[in-house]
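J.: Okay, here's the structure, questions in a sec.
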Amino acid sequence: MASPSSLLSWPHRAISLSFQPKNPSPSPATARVSVQDPPPPPSDANPSPGRSSNTSRYVWVNPNSPRAAGLARARAGSGRRARLAAAAAALAACEAGEAPVAAALEAAFPEPPSEQDAVIVLNTTSARPAAVVLALRWFLRNAEVRKEVILYNVALKALRKRRRWSDAEALWEEMLREGVQPDNATFSTVISCARACGMPGKAVEWFEKMPDFGCSPDMLTYSAVIDAYGRAGDAETALRLYDRARAEKWQLDPVICATVIRVHSSSGNFDGALNVFEEMKAAGVKPNLVVYNTVLDAMGRAMRPWVVKTIHRELVSQEAVPNKATYCCLLHAYTRARYGEDAMAVYRVMKDEVMDIDVVLYNMLLSMCADIGYVEEAEEIFRDMKASMDSRSKPDSWSYSSMVTLYSCTGNVAGAEGILNEMVEAGFKPNIFILTSLIRCYGKAGRTDDVVRSFAMLEDLGITPDDRFCGCLLTVAAGTPADELGKVIGCIDRSSAQLGAVVRLLVDAAAPSEPLREAAGELLGGARGVVRMPYCNCLMDLAVNLSQMEKACALLDVALRLGIYSNVQTRTQTQWSLHLRGLSVGAALTTLHVWMSDLYAALQAGDELPPLLGIHTGQGKNTYSYKGLATVFESHLKELDAPFHEAPDKAGWFLTTSVAARHWLETKKSAELVAV
């Protein structure tokens, strides 16, 4: 049998901790590594058949080798980590009282803990805020602390994590009473705590205290306080700090760039937001997902969906993984801009990824579908909402309103009525938006009696008609046959006596134009800006449909005088133009009538016409009627035998030469120019 001394003479070599015997037995023995005891006698290595085969095996390491020192440190470190984790858990489990906290920590630390021990326990415990503060005081009394501010900073960080601003302020006061000088980390933690607690004003206040304590902000502090100034509404100061940080050659990082992009976006400076994004890339800073999401949100607010698409493609090319926030930003951008295909593509990706979609996002999609006539897509979304198991995704009154609007604008009376019935069964009462859409639907279908019935429902529910509702009634009146017009006018009278008076003057063929001009001037002069043009359009539509061209011209004169229509006619040396884009058919025909009368008067006065004359109708189409103003005008100009023809290289323009226009005008009388 070899002696221990002969073993020491063996050549040393690295020994694996997972020692495997040369001939492993079916039941492997446990290996123990020892740097203190010599190996056991060889006889123990071959147990007798009657003894258990689970006897521990020893791997001995020379205590003088570097390997031994590493093993000792690993064993000690493992034990220390376990002891500190147990201390943090004990602190989290005890009551937030001085005695329980002291007892838990005294049991965990029979010997005075080091400063690093205190930092680890305070940083990792999930104890209540009050227990954290009590533990801090115990460590300050009992630990071997070299810099007390370090422990205060760790405790403040724990309070920030729990969003306890009042406790953080109290701890700051205690810190000053104890004569502990705060450092940059203290201020950075307190400022970010205020920001996390939704108190940007406090964050700004603490930032401005830094010079009083001899502290200068670093990049982390700049980032936190720039965001705080932005959230507090002081964008100018936030951007001035950003410029200062750049001037002092601080290295830009994604955190501060995302903050500045958000500040620019909040103040409406979307070009500035995009510039910061491009600037950080030019400086070699790689945007992270937070930066991408922030700039996507900014460009969505700016109504720049084409930029959103470019940035999204860049995000994907950089192998960044979009998250729910990314898709929400994309949905916001595309639905606001009515990019239907892109919005639906994003929605289906979110469905495939089984992401939570709340009722707000659903309603944005439904509103977009209602505006652009996406019937099948809206029905798919609405089905998904009703089938969702999440209560936050179920349809609300706005969801039903969008669906009624969609069916109303497409003239689907049965669909609109079905949604209304579903809404009532779901416990929602119809609101003014739904009734407005329903009345528009009945008007399109020529169901005047149902218009009156829906108006009565409005009165039964105690809803006060607003100016948009009155505008809807005007729209219905413009398309109602003369023999049923009185029913709709009765509804208008009950909604707005002033508007009803104007409509009665308009439809009364025996009434002169001057009283109408005065009454319309008072009505439109006092109306909200958002409804003035729709009112004018509907009133002129009604006048044209009733063959009241003189009154239509009087209404146009009032609109021009009040600035409701601007730049309708423009003149240069080479071209006179009539701009009709945005006008209703009746308003556009009235404007054309006046313009051609003006051209005829110019010829009579001996004025020379320019080489070109043009009419701009725009090229857009009405989503629901599939007819645009250009289509209507092309037909109308043919009826007039007017020499205007659609320009092949200028969409939405009808052009003619001065020679052709002069010949045509001279063969017509001004009273015959427009066939109504």
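Cβ coordinates are placed from backbone N, Cα and C, and glycine is handled just like the others.
Keep in mind that TrEMBL annotations are predicted by a computer and have not been checked by a curator.
TrEMBL lists these features:
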COMPBIAS  50-60  compositional bias 'Polar residues'
DOMAIN    578-662  domain 'Smr'
REGION    17-60  region 'Disordered'
REPEAT    148-182  repeat 'PPR'
REPEAT    183-217  repeat 'PPR'
REPEAT    218-252  repeat 'PPR'
REPEAT    253-287  repeat 'PPR'
REPEAT    323-353  repeat 'PPR'
REPEAT    358-388  repeat 'PPR'
REPEAT    396-430  repeat 'PPR'
REPEAT    431-465  repeat 'PPR'
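Could you tell me the structural context for the features on the list?
T.: Residues 115, 118-119, 122-123, 125, 129-130, 132-133, 136, 139-140, 189-190, 192-194, 196-197, 199, 202, 213, 215 of the same chain, all 6+ positions outside the repeat 'PPR' (148-182), place their C-beta atoms under 8 angstroms from a C-beta of that stretch.
Per-residue pLDDT, averaged over the repeat 'PPR' (183-217), rounds to 86.
Break the repeat 'PPR' (253-287) down by DSSP state and the numbers are 26 helix, 0 strand, 9 coil.
Tertiary proximity for the repeat 'PPR' (323-353) is limited to same-chain residues at least six positions away from its ends with a CB under 8 Å from its CB atoms, namely 289, 292-293, 296-297, 299-301, 303-305, 308-309, 312, 315, 361, 364-365, 367-369, 371-372, 374, 377, 381, 384.
Within the chain, the repeat 'PPR' (358-388) has long-range Cβ neighbours (under 8 A, six or more residues past its boundaries) at 328, 331-332, 334-336, 338, 340, 343-344, 347, 351, 394-396, 398-399, 402-403, 405-407, 409-410, 412, 623-624.
Tertiary neighbourhood of the repeat 'PPR' (396-430): same-chain residues 359, 362-363, 366-367, 369-370, 373-375, 378, 382, 385, 437-438, 440-442, 444-445, 447, 457, 461, 623-624, selected by CB-CB distance under 8 Å and a gap of 6+ residues from either end.
Remote same-chain residues near the repeat 'PPR' (431-465) are listed as 397, 400-401, 404-405, 407-409, 411-413, 416-417, 420, 423, 472-473, 475-476, 479-481, 484, 487-488, 490-491, 494-496 (criterion: CB distance under 8 Å, separation of at least six residues from the stretch ends).
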J.: Could you tell me what the rest of the chain brings near the repeat 'PPR' (183-217), counting residues at least six beyond its ends with Cβ under 8 Å?
T.: 149, 152-153, 156-157, 159-160, 163-165, 168, 172, 175, 224-225, 227-232, 234
J.: Work out, from DSSP, the number of helix, strand and coil residues along the repeat 'PPR' (183-217).
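T.: When I sort the residues of the repeat 'PPR' (183-217) into the three classes, I find 25 helix, 0 strand, 10 coil.
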